[in-house]
Structures are given as structure tokens and as C-alpha cells.
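S.K.: Features from TrEMBL:
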DOMAIN    34-123  domain 'Ig-like'
DOMAIN    141-239  domain 'Ig-like'
REGION    160-196  region 'Disordered'
COMPBIAS  177-195  compositional bias 'Basic and acidic residues'
DOMAIN    244-326  domain 'Ig-like'
TRANSMEM  340-367  transmembrane segment
Amino acid sequence: METLSPGYWQEQNLELGTLASLDEAISSTVWSSPDMLASQDSQPWTSDETVVAGGTVVLKCQVKDHEDSSLQWSNPAQQTLYFGEKRALRDNRIQLVKSTPHELSISISNVALADEGEYTCSIFTMPVRTAKSLVTVLGIPQKPIISGYKSSLREKDTTTLSCQSSGSKPAAQLTWRKGDQELHGESTRIQEDPNGKTFTVSSSVTFQVTREDDGADIVCSVNHESLKGADRSTAQRIEVLYTPTAKIRPDPPHPREGQKLLLHCEGRGNPVPQQYVWEKEGSVPPLKMAQESALIFPFLNKSDSGTYGCTATSNMGSYKAYYTLNVNDPSPVPSSSSTYHAIIGGIVAFIVFLLLILLIFLGHYLIRHKGQRREGASRGT
């Protein structure tokens, strides 16, 4: 080791391109003027950075007065990454962005959770000055998994669904919804993953199903800053079995005597009704028992009037709908001869109108012509 004159400092020799740290030179620095006050312009400055795992972070260090010295970046393990524009650590993820006497910027790509920590920017002035940059790495939560669904729930059953997502850092939050309606599940439970860095979160929701829930999507969503507003959710579609309902629809809607009529028994349910039974009040035997839902009247008459019932049945139960049929009088149908006469009458009326106009113009003409003749005769005498 060589001793330099007062006002200068000395450091150990360091070979760039190895894992040795230039920070070792700081510990061996000998100051000949300990009372010398350093200029604040030689103090470097940096900023804390947050990056999503797998992304790229840029570390920027600047100094106003470099005092003919180079800037250096070191990782949390105090390994030198770059000294000026010279690479010191063989890691292809770390690249030089900019190197000037006043700035040293480097980038780290494909950032891993292990890269998190405090990075140091140093400048070897008298004394050596440093600035810290805290790099926070966010762990991206995995797509949530929903469990606990039992197929074919029955109406008014109570069910509990569970949701889990791992890999988040910091711990994510889980929310539930049914369609556009928010479901209030239990508070998110947090458990540290085996790697000691990320977390697994879980939540459960319990609710009673109704027939309106048949085919609904129960959605579990992960909320985390690493997603930057992007949706990360999983949907579980549920099936609800419920008793059938039915209503009777006539076709045509206002039946008249002599027409053909279809009474449609429109059944709904899960499962859909498999059998339809038609009855008429006052009649003992059923009119029809079949899988078809329509009752057909080929030619209506007054005796068909009455109250009809349709019972729709599935393996979940039965439902009976009613319809009162009132057969109206037949609509008057215009005969072809009367239509023909009406057309002829219209044509004749039009011809008479034209003739009347023609006679008016002709009379007008004759009156004017006669007047002109009298005027000529009076002039001749």
C-alpha cells in the first residue's frame, strides 16, 4: 500500500469484472485531512423504485459535482454492479443505461423477488458519499381458484364457496360478487408461502340460492397493486333446481267461433316440465295427458267455452295454470259479390264525376260562344 500526500486518499487495488466489491476500498480509505468539510454538491441522490416481478427497473444516480471521481452502483449484498461504465458483476440482466461524470443509470430486467433490497450509489470523493435506493418487488397473485361447489343445488339451499390465490406480495385482497351484485364474504385470510416472501390469501362466502340464481356466475376477484387495475378473477356458474311454473297463452288471442285455436301451456322450471295434463272444469276425465304442451281446437264452437287447467309436472313438483275461454261470435265475412258491387259502384261514381266536370266546362264554353255571336251581330247592324 502506497501512502499519498496530504489531501489525497488511497484505496486497495480492485479488478473489475469480478464479484469483488469496490466498497471494500471504502473501508481501507485513509484520510489525511479529517477536518475537511465536504461540499454538498458532491452528495449523490437517487430514488426508491417499485417494480412488478418479471419487469424491469431502472436505477438512476446523479451528482452535481463529481470531483473527478466515478459513480458506482452496488446491490444489497454489497457486490459492485457497475463502476462508471465498467461492468463488475457478470449478470446479463443488468445493463448500462447511461454513464457520465454526473450520472450513472443501470437497468435490471426480469426482476425476481430475490432482487428486492437496498441498492447503494457511491462516489469516491473525500469523504466517500453514498445514497440509497430501496427497490420493492411486487409479487403477482395467481389466478384464484374456487372450491366447494356442489352441482345441482336446490332452491333455498345454503351453500359455501371458498377462494384461494397464492404468490402475492404484499398480500392481496379477495372480493366476491354474484353477477353485478356484491357478496359479503368473510375477511381475507393471509398465510405466508414457503419461500418466505409471498403470501397465499383465501376467503369464503355463504349464501342462500333462489330460482333466480340458476345459471348465475359467482365471481372471486383478486385486488392487488401489481395488477394495475387489470381484472384477475375466476367465475363459478351454479345450477339451481326449482319447482315449475306455467301460464296458458291462446293463439289467436281473441278466438271466435269457427276458428282453429291452440292453447299453449308455457312451462318453466329446472328441470323443465316433462308432462302436461289438460282438464276442463265440469269434465271428469282429463282432456289430454302428453309431453306436448298445446291443446288444439280444430273448429271452435260455443260449447267449448269454459275454464281450462294445465298442470305442468317435473321431478321437482307440479304447477297448475288456468285459462277462461269465451268463444265470440264469428266475424262477418264480406262476400265476393258485395265486394264486386262495391268496386263497380266506385268506378261508376268516378265516371259520373268526370262527366259532370265535362258538362260544366262545355256549358261554360257555349255561354261564352253565344255571347260572342250576339256581340258580332250587333256590330253588323
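Every residue gets a Cβ built from N, Cα and C, even glycine.
A TrEMBL annotation is a machine prediction, not a hand-curated record.
Can you tell me where each of these features sits in this structure?
M.R.: When pLDDT is averaged over the domain 'Ig-like' (244-326), the result is 93.
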S.K.: Sequence-remote contacts (6 or more beyond its ends) of the region 'Disordered' (160-196), Cβ cut-off under 8 Å?
M.R.: 53, 113, 137-149, 202-207, 213, 216-224, 226, 234, 236
